[in-house]
Each structure stands twice: as C-alpha cells, then as structure tokens.
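Asks: So that we are looking at the same thing, I have put the structure below in structure tokens.
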Amino acid sequence: MYDAPSLEKTVDQKSTKIAAKDVQVYYGNTHAIKDVNVDLLDKTVTAFIGPSGCGKSTFLRCLNRMNDTIDVCRVEGDILLDGEDIYDKRVDPVQLRAKVGMVFQKPNPFPKSIYDNVAYGPRIHGLARNKAELDEIVEKSLRRGAIWDEVKDRLDAPGTGLSGGQQQRLCIARAVATEPEVLLMDEPCSALDPIATAQVEELIDELREQYSVVIVTHSMQQAARVSQKTAFFHLGNLVEYGDTTQIFTNPVDPRTESYITGRIG
Amino acid sequence: MSAGILSLIVIGLGVLGYFLGRGRALSLATATGRKLHSLPGYYGQSVALFTAVPALLLMAAWLFLQPVLIDSRVNAMIPDSVIPEGGARSLVMADVRRIADGLDAMMADGGISENELDQMRADITNIRSRLANVGVALGSDVPVAVFDAAKEMRQSSKTGALAMTIAVLVLTLGAGGWTLMRINTDLRARNISENFVKALLIGASLVAILTTVGIVSSLLFETINFFKIYPAKDFFFSTVWNPQFRGGSDLGILPLLWGTFYVSLVALLVAVPVGLMIAIYLAEYASKHVRSVAKPAIEVLAGIPTIVYGLFALITVGPFLRDYIAEPLGLGSSSSSVLTAGLVMGIMLIPFVSSLSDDIINAVPQSMRDGSYGLGATQSETIKQVVLPAALPGVVGAVLLAASRAIGETMIVVMGAGAAAKLGLNPFEAMTTVTVKIVSQLTGDTEFASPETLVAFALGLTLFVFTLGLNILALYIVRKYREQYE
C-alpha cells in the first residue's frame, strides 16, 4: 500500500484519452457542472475529489453518457474520447459504454451466477465465438479482478451470495471483461471494509497498466494512494487539476488547500 | 330482552367500567401517595375490556347454541305417526317453528293471553284459522303433538332468553366488578390490557382460519357422502359426464377437468404475453405522462363485472369467431366455444398480470439497470437479461394468481363456452368447466341426497385441491428464486 504520494509515478509521456471542453450540466434548472475543462490521460489513474454534491459523480457519469438515462439531465460542451465527440448524434451511447466501463458505488451484481455475471458483457457484445473462448475471458477477467482464487470452485453460485468486497471485485471483473479502454469508478470502496478496500486499491493500481482509470472518492488518503492525477471539484467547478503529488503537497488554489486539510467540505 | 338491547347494555356498562377503573386508579394513587404502574387510561381499559368482552362472547355462544339444543329437544317430542306419508321430519319441524312464531305474533296482537294459551288444545280450538289471522298460513290442520311441540318450543325459547339475559348481566357485572376490585397502584394494567388486545387479535385471525377449515370440512363431508353412493373410480376416471334426473347417471370428472384446463390455457395464452408486454412497456419505456393515463385505463378492465364480459362473449366474440373463422374453416358452427370463453377470459385477466408485473418490474433496483447500461447493454438487452430474471418470482406469482382466477371463473364460461361436457381438441367446440357444472347440479330440481346433487361437492373439493396445489407450486417457485436472488 502506498500511504504517501510517491514521486516515481511520473505521467509525462502519456497521451490524452478523454478531453472535456467547457462542459456544462443541468438538472432541470439547476446548473450542476460549470465550465469544466480537463484532459484525462491514458494509462493513468485520475482521482476526482471534492465535498458531497460538488458534481464529481455527475461529471463522471457524463464520460460514458450514463446521464442519458436521467430525463431532466442536459449536457452541453464537448467531451472527446480519442478526439471524437461522444455527444455527437452519430455516436451510439451503447457502443460508447462498451468502451468506457463503469463500476458503481454500491456493488450491483446481477441476480445470476458468478460466471454469467462476468460473461454478460462479452455475450452481448459478441466477444467470444464459442464456449471455450468465453470460459477463457471469464477466467482472465476474474483473475484481473483479483477474485479468481476465491470463486473458481463455485462459478455457478449466485453473485449476490458473495461478501460486499467480493461483490465489488466481481463487478470490476465484469467491467473489465468487455475490454473497455476507460474504467470509471464511482466511489468503489465506500461500501467496503478496510481489507476489501485495500484489495480493490491494489487492483486499481494493476488496472492502470491497460486502462485509463477515473475514480471518484471521498477519501483523500485513497486518492493519494491510487492516483497519479487529481482533480478537485467544488460547487460544480473544477477548481484545480494536476499531479496528485502536487495537489496534496503544494496546492495552488486556497480552496483545495482548505479541503485537503479538512477545513471545508 | 332482545339480544340487541342486551349488547347495548353490556357495552354501556363497559364504558362505565372504563371511567370507574380510571377514577379508582387515580384516587388510589392520591390516597396512597404512590406512583401508578401504568397510565390511568390503561386501568380504565382493562376494566372495560373485562366487563364487555367475556359477556359478549358468552352471548354469541348462547345465541348460537340455544336453537340447536331446543330443536333437538322438541324434535324428540314429535312421534313418527304425525309425519305425513312421503314427507320428511324436517318439514314438520319447520311447521313447528312457524306455529311457535305465530303464537308469539298472536300474543303481541293482544288476541290471546298466556293463560288462554295454556288452555288451548289443538283438537278443540281451530288453531289453523286463528294462525291465519296473524299471517301464518298452514297447509293442513295442526296435529296435537305438533301443537304441543310448538308450545314447548315457544316456552323453552322464552326461558332460554331470560336465562341468557341473567347470565350475561351477571358475567358483565361479576367480571367488571372483580377487575375493578383488583386495581391497586402496582397492578400492571398496561400489560393486562395489551395482552387482552393481543388475544383479541389472535382471535380475529382464527376466524379466518376456522372459516377455511369449515369450508373444507363441509365440502369433505358431503364428498364422503357422495362417494358412499357413487364409486370414486367412475368419478375420477370415467370420460362421460351425463347426469340423469332418474338416476343411473354417468358422473365422470375428466371432461369437466379437461374443459377447465383448456379454457384456462387459452385465457392464459392471451393474458400472460399481452399482460407482460404491457407491464414492460409501462415500467420501462412509457413516459410518465403515458403511464399516468394508461395504467388506470387498463385497470378499468379489472373492474368490469364478469357477467358483462359474458355478454361480450355471447353477443360479440362468439358470433364473430363462428362467422369469420370457424365456419369458413369448417371447424364448427357453434357460437359458444372454448376459444370464445378463453379469449374473453384472457382479456379479463390482462390487468391482473400487467398491473402486478408492472409493480414488480418497477421494484427491481435501478442499480441493476445502471450496471447493465454501464457494460454497454441496450435497453432491450437490459430488460430481457437483467430486469425480467430479477422480477421473475413476482411475475410467476402474478401468472399463477391469474391462473387460479381463470380456473374459478364461471360466468364467462357459461355464456361463452356453453354447458356441454365434452372431451375434445377442437377449440371451436362448446365445452364446459367444473364450476359451471357445480352451479347447474346444485340449482337443479333434484333431491339433495342424490348423487346428481352431491357430485357438486366432490367437484368443488377437486377444484379446491387443484388451486391449492397451484398456490403451493407458486410459493415453491417464488421461494426457490428468492434464495438465489437475494
């Protein structure tokens, strides 16, 4: 576990994966996100921190258009994934979400077996041509979700019967099974105990090798431990965005400093 | 004193007991200077409950038992000689009851006094004409034994009523007074009155259970009577249903069970797909506005009386199916058919399936849907693979509820499918169901003790066993999936 921001986590020669330009989000008449501009890097863990209700989850949900399922929600501005606008009319949100996976705050395994939970994404996207390939994907995903050893003997057991931490790792395995390019995590550890949290954090660090990971968290320590870049949101504004080390040791904005030292929030 | 006035008095005493109990508790507390265990109201409540409830229960039991006991005593007074040739004892007993009522009426008119009645003799006085004056018409002259029995019945009823009044009042005052005396500052009045109310609640639920037991046992006894005079093997395995008024009927249940099954199957084939699709549309796709209009509109279907559906089957659906489908295809020329009844019954069942399933689908947590969308599933994939499986136990429950409605439905079948008991596969033929035959066997003009009438109870019991089995199956399925999903 990394308890202090480590200096060797350099993020220099990484390319931009997602670029947001002047993003505005409205819930009905409420202006929830104001003028957010941010470049999220490839193969990097980016943490969104900020007090409750500051818009970090809302912004996260814009990145794979999950907000489309909310009627009153309206998004303006451009969000580019690999240079393409994801809010373009020609983009199918279903295709987008296959590329930008999501893990939710509360573990939400489907009421199916562990195997079927992981096989769900590959099946609907036709990633496997036969049972053997599907088996392989399931095993690989469960291994990557660091849960294979615990469930390999009971793949037919219902996913809802696992413990909270196991369920969350199952959900992560389920998300990586569709081979996304970006993984969005909305407070993935808030319902977990410290041991399960440690396991998930370790997992996030490993996932960085292949994916761009964006994590929303309320725990400053967690942000410091797992991320290389940190964005601080406050009242719908992106206040500061930079290297995690810099944000936590030498914040530019006084609001950031107040928040990480526990004076606002 | 009539039962109504008596119960009012008991309730009045109960209310009085409340205030007395409360007052006594308060005055005791002041006098002894100690704190009461419970709020004063609880002391009042316990006195009121002990005053009124046991007395009312005694009264109910007395009113139920007294006529039974008097009947059996009077019955013994009637010799076989006065029972007319070919008549029944029960008819004579009915006469006795009417004469007793008539005597009461004469008394109320003031046309006769208690002493005169004692001296009245059936062989001297013209009882028949005097009773006719107060509106009790008798078919023949009254035999001496019958008149004496009537007098005895009248007398016992009067004595019984008086005894009941005394017993109830004594119990009211006794139990109330005893509780009132028991009151002291340490009496746990709150616990007493709460336990009392708990016992009342248990009693209320027992009423429902005992009613079920009563229904089943009444069916059971008549069914046993039926099987004494008609072989069970013929009932369960004969394929012919042909009741005759003169006896020698064939009473095989198979054609009726087949008809029930066939009509219910058609009804479910209509109701389940349509109802489920409605539920999916309403729960997942419809906008709030559409939903708020469409859901009540569909539920209107559930409020239509089945006889109206029957009319619809009889004058619209039946002729339509016959003229445009059955006759051109050469499948039959009857306007009442399995398909008619099944279609109309299916329409009736749609709101059952759709409304319940809609609620159940809505209850599937949004996080399930989010999880599926987050993996790049379309709305349709999400519904088919995540929402519906999660909602399955509830949907199965809704379908089985609809199935038991279909099995028990009578009116639509009478008017849509006819009353001919037949074993056949052609859905354009008239067939009939168990419930229809229960009605027609019981409303016929046959003697009650004949197999043609008693068969209705055997049919009813069979139907009951079937629906019970269906309910148990539903419970089993729901529980099995619950274990898996929760």
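Cβ atoms here come from the backbone N, Cα and C positions, even for glycine.
Note that TrEMBL annotation is computational and uncurated.
What TrEMBL records for this protein is below:
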TRANSMEM  B:6-21  transmembrane segment
TRANSMEM  B:42-65  transmembrane segment
TRANSMEM  B:161-180  transmembrane segment
TRANSMEM  B:200-221  transmembrane segment
DOMAIN    B:257-474  domain 'ABC transmembrane type-1'
TRANSMEM  B:261-285  transmembrane segment
TRANSMEM  B:297-321  transmembrane segment
TRANSMEM  B:341-365  transmembrane segment
TRANSMEM  B:386-407  transmembrane segment
TRANSMEM  B:454-478  transmembrane segment
Asks: Between the stretches B:6-21, B:161-180, B:297-321, B:454-478, which wins on the count of C-beta pairs under 8 angstroms to the transmembrane segment (B:200-221)?
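Replies: Answer, by Cβ pair count: B:454-478.
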Asks: Hey, does the transmembrane segment (B:161-180) touch the transmembrane segment (B:297-321), meaning at least 3 C-beta pairs closer than 8 angstroms, sequence gap 6 or more?
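Replies: Per Cβ check, the transmembrane segment (B:297-321) does not touch the transmembrane segment (B:161-180).
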Asks: Relative to the transmembrane segment (B:454-478), which of B:161-180, B:341-365, B:386-407 accounts for the most Cβ pairs at distances under 8 Å?
Replies: B:386-407
Asks: What same-chain residues lie close to the transmembrane segment (B:161-180): Cβ under 8 Å, and 6 or more beyond its ends?
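Replies: Answer is 1, 6, 9-10, 13-14, 17, 20-21, 24, 46-47, 50-52, 54-55, 58-59, 62-63, 66.
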